[in-house]
Amino acid sequence: MAGNRSTLVLSVVVAALAVLPLTGVPDHHLRLVAEILILGVAVMSLDLLIGYGGLVSLGHAAMFGVGAYAAALFATHVSPDLLLAIPAGIVAATLVGAVMGALVMRSANLFLLILTLLLSQMVWEVIFRWRDVTGGADGFRGIPQLTLPGGMAIDSGVDLYYVAGVLAVGAYLVAASFVNAPIGKALVGTREQPIRMTALGYSIPRIRLSVFMVSSAIAGAAGALYPFVNLYVGPQVAHWTMSATLVIMLVLGGVCTLFGGFIGAAIYLVFQTHVSSYTDRWQLVVGLAFVATVLFVPRGLGRELHQLLRPLGLGEPRVTAETDKKGTVR
Amino acid sequence: MTGHTSIEPTGAGLSLHGVRKSFGSYTAVDDVTLDVLQGELLGLIGPNGAGKTTLFNIVTGFVRPDVGRVVFEGADVTRLKPDQRVRRGLVRTFQKSMVFPELSAEENIAMAARARQGSGYAWWRPAERAAEALAEGSRLLRAIGLERRGALPVGALSHGEQRMVDILVSLALRPRLLLMDEPTAGLTREETARVMDLVRAHDRSTTVVLIAHDLDVVFSLCERIAVLNLGALLAVGSPEEIRANPEVRTAYLGSHREH
């Protein structure tokens, strides 16, 4: 059964991630992998909107940014406890996502893109102008290290890496359960045949609002951990250019795969880290990679990987999951 | 259901009162008043552009009438959205098949069955509801003899099979009133008979309104026939009455066709 196979793949990935620090990888590399995992979660949450819902949002950074600031503020002023600060970010991002979702749930296509862009820029403005609370353009500094419930600080790259790993696996399981549940199938239905879905008695705005909230919650969780990578958060995390970066990562990694988000984030951040040490024009290289992806692997690297693995029986089921399952059962 | 404010005499499943719809200067539906009786099979015929599909769109809520009221089972539904009407059992099929080509036939039907169960938006679902929805798919596919095609993506099925799946999807909603827009186009005689038998056998109390270009189908199956011409209702009656109606003969049936 396809379900067992994807469990197997997931287990192998998790095991590989778990033993990575034991292989003597330098601490700062682990920090980079942690950042990849965090941004990968944000991209994966965007995949729910763009890939599964066909809702091309250019405002996803608003939720990531609100999650980041909420968790940073909470950790600074209330408690640096991981189990409280991260949920604070999730709650804040979900609330913003609910408002944004309610405002855009009746639109689609270009109109939705512009609306999400506008609304997210309003969020960015608030963060940018509200100096007393957010530090404005200078960003927010003096964030304490997160602590585990026992009070142990999460201070090394290894610790951060493990926390990001748990976040990534948890977020993946949540997103995968969403797309495999009736609500996820209804979401794909609204992307494929919106009129038919209405004629089946489904309320399209209700489905869109649901996916906005789930996607925002996951983006908020990723955002919530992000400030603790460098103990700093700046307003650019909520800027529309950040949203665009998330979209680029998604296209690089592969739309409608969920795990493609991690691949896209890895490519982008590795380029950013390594190419930028040779040239300031590293974004040109990312741009070329983006163009090459669109031209040669338009479905993204994640999909190609998925296609390569399929003959080995390792392909991950996606939209047509039911067909696959039935096909093998019968 | 809202409280049964029985505006209508019992027996009328659907009533249209003075319904009119214009697109610019073109009047697509012109002052149509019509009662469809509970449980009957009514044929809706008329030349191209007579307003048949627009009338379906008005009944199902995809188009708002300029004037007039739509009353379904005693309740005014004129202001309800399409999905709200579907949840009351007012279901339609489309002229063109509207299936989800990437999903299997069973999954297509299950999507409808879940909507009817009320588990369509579920995330943490009880497994038995999901199994029930898929079982409904297999049951309906078996009833029409497509059970061996159930696991294939619908896009891989033949045109006629896709049409049949499309109708099964509508039946999975357990309609009280089923509006079928050209369901038999592209089907063979034998397939048409299978489909219409299934629709009638599914639930005798379901009211069916059928648009079909194939007049043989309409005249042989329907208990009553309504004729639209240029947006206006020309005549309503039994197949014999319609055949004998001189106005209908000139406007629609013409001299080239004898029934």
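Here the Cβ of each residue, glycine as well, is placed from N, Cα and C on the backbone.
Per TrEMBL, transmembrane segment is recorded for A:31-50, A:57-76, A:82-103, A:110-130, A:160-188, A:209-229, A:241-270, A:282-301.
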Contact between the transmembrane segment (A:57-76) and the transmembrane segment (A:241-270) (at least 3 Cβ pairs under 8 Å, separation 6+):
yes
Take the C-beta pairs under 8 A between the transmembrane segment (A:82-103) and each of A:110-130, A:160-188, A:241-270, A:282-301. Which stretch has the highest count?
A:110-130
Looking at the stretches A:110-130, A:209-229, A:241-270, A:282-301, which one shares the most CB pairs under 8 Å with the transmembrane segment (A:31-50)?
A:241-270
Which stretch from A:110-130, A:160-188, A:209-229, A:282-301 shares the most C-beta pairs under 8 Å with the transmembrane segment (A:241-270)?
A:282-301
Close approaches to the transmembrane segment (A:110-130) from elsewhere in its chain (Cβ under 8 angstroms; 6 or more beyond its ends):
55-62, 65-66, 69, 96, 100, 103-104, 136-137, 235, 238-240, 243
